[in-house]
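**Q** Structure incoming, see below.
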Amino acid sequence: MADTLEFNEIYQEVKGSMNDGRLRLSRQGVIFKNSKTGKVDNIQASELAEGVWRRVALGHGLKLLTKNGHVYKYDGFRESEFDKLSDFFKAHYCLELAEKDLCVKGWNWGTVRFGGQLLSFDIGEQPVFEIPLSNVSQCTTGKNEVTLEFHQNDDAEVSLMEVRFYVPPTQEDGVDPVEAFAQNVLSKADVIQATGDAICIFRELQCLTPRGRYDIRIYPTFLHLHGKTFDYKIPYTTVLRLFLLPHKDQRQMFFVISLDPPIKQGQTRYHFLILLFSKDEDISLTLNMNEEEVEKRFEGRLTKNMSGSLYEMVSRVMKALVNRKITVPGNFQGHSGAQCITCSYKASSGLLYPLERGFIYVHKPPVHIRFDEISFVNFARGTTTTRSFDFEIETKQGTQYTFSSIEREEYGKLFDFVNAKKLNIKNRGLKEGMKQSYDEYADSDEDQHDAYLERMKEEGKIREENANDSSDGSGEETDSSFNPGEEDDDVAEEFDSNASASSSSGDGDSDREDKKPAKKAKIVKDRKPRKKQPESKKGKDPNAPKRPMSAYMLWLNASREKIKSDHPGISITDLSKKAGELWKAMSKEKKEEWDRKAEDARRDYEKAMKEYSVGSKADSHRGERSKKKKKKQEKQVKGKGDKKGATSKSSSSKSPAKGMSDSFKSKEFVSSDESSSAESKKEDSEDEGAASPAPSSEDSASGSD
């Protein structure tokens, strides 16, 4: 028999929600890893007391009870896996995997049994339903009645909020069955009651999420945030991770508390509690416990009197009470020497911290991404500027995170970090100028030369030299050389040339007036071909055949209404997620059926494209012929006009009066516009009038002869 058993897509029931993950059974015990949060539950083999196999909504389930009263439920097994699990439990855990079916009679009268942290409502020997008492948020009593209220489940569409039990009176003296019922519930329930004094109090701490200043009261089992408007009580069992992150300015520190489930304020959910501290702020702390209690409870991790930086005291106390390690940045160091990268996420600027096992972004909205849930990362050139790039992360669940406006000097450091962590790198959507450089670098993990990075560094050096030259010549520094709006290479060069010209000349105003038209002309000249490019793209024919859909899209279009009917009120994003899960779980035979449909659609598309391309070629030939014919007609019309101009010139040259006046005028004058020709004709007529006696005398003389 194998020493380990592994099961994928197993669901763990926690506080009424089903969290999917992976279950592994070994000789040492049972391990379940949550796919969403990465939290690991480890049950030692020696702690197991009972195992129950039963039929549930998601197929078959496994319920494990431990000797200290904890209950773990895992669903999603197939019926055929019972024999394998039963043999494994006998061989390695020395337990009999019992089969118990739930009662489905529909009766509402039965017996309540309390076992460990579980309330079981039974009819006869069969359980009807079970309530984990850790789900109970409040328990109230009335006359012969007990009311249980539950924590709201954010992951479920419908949450059970209240259950009422009728408890009949008994004849026994001195025992109230209602109070006995309530005490059994409250002893195991997750009811937060501020009984006793706080261990310590931190006053007026700056909190970024939820925003405001809060007094933090530290109790043995929970954390109390007391603000001017809101109060939050956070049980230590909901704390998932602790982070201590240095700010980029090296003067402040972030302390981040990851929560699951999150704290709620109306419809807002806070998955992270972020505190901001100044490194210079110190505190002297005295715990509200005697030294023996401190030593017994914390085993040397805390002392009764402590002093130091405020952020160190808060993190130290939280670590001891929550019993979780504090995550700090690893060996990553950015271009400026900081352990984080300045970037933007969802239109808000923040800091991205590369950690040893993931990335965390603070602070609005906070995001934590583990390496084991990352499908691939992508380095993409910024869409609006050449001075920055985007860093994209896509998870295995299909969620995409884009961190934009990262300075290009950080590219080499970040790429080396991603490469060292062996994350998949997939570049897409790159511009032509940098696509080749990225592809060459991405193909080889061992190659340390990055052509794109080298080119960017050279451009930066040239730009800095030009800026220094211009500032030295003018004698004063200007902010224009660092204007984020002027990040295009062409504009930067034009600005530098103007600045140097104006600084070297004596009269700055006249130089600027002369240079401005040239600058505008250059921009218009450079952008003309850009305007022509969309014209070719706009030439899309609406009658062209549409591209065929993939097998998944064909199936989704056919199944969308069924998914909506099965899950009323489902949102578009949840529908897409659900469809992805159904497609992933679909059998190979059914997928092949949709693959065949997609292949048929592809063939039909190729056939239609061939017919369309033949027709479009004929149309283009006809269009070219019509254009040639039109150009020919225009040339003929132009030729006729030129001939008319030539005949008028020859006629004017034959007349003696005009010949005399034309001898004083150039060819350019004759070929000027109509107004100038009209004025010239007027001048010609005046000249002719003044010179008319001489030819008349000559004519009369010749006539007499």
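Backbone N, Cα and C define each Cβ position, glycine as well.
The following feature annotations were taken from TrEMBL:
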type: DNA_BIND; residues: 545-613; note: DNA-binding region
type: COMPBIAS; residues: 474-496; note: compositional bias 'Acidic residues'
type: COMPBIAS; residues: 497-507; note: compositional bias 'Low complexity'
type: COMPBIAS; residues: 517-531; note: compositional bias 'Basic residues'
type: COMPBIAS; residues: 532-544; note: compositional bias 'Basic and acidic residues'
type: COMPBIAS; residues: 624-633; note: compositional bias 'Basic residues'
type: COMPBIAS; residues: 634-645; note: compositional bias 'Basic and acidic residues'
type: COMPBIAS; residues: 647-663; note: compositional bias 'Low complexity'
type: COMPBIAS; residues: 690-705; note: compositional bias 'Low complexity'
type: DOMAIN; residues: 545-613; note: domain 'HMG box'
type: REGION; residues: 459-551; note: region 'Disordered'
type: REGION; residues: 609-705; note: region 'Disordered'
**Q** So, by DSSP, how many helix, strand and coil residues make up the domain 'HMG box' (545-613)?
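**A** Residue counts in helix, strand and coil order: 56 helix, 0 strand, 13 coil.
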**Q** Would you list the DSSP helix, strand and coil counts for the residues of the compositional bias 'Basic residues' (624-633)?
**A** 10 helix, 0 strand, 0 coil
**Q** So what's the mean pLDDT when you look at the DNA-binding region (545-613)?
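**A** It averages 87.
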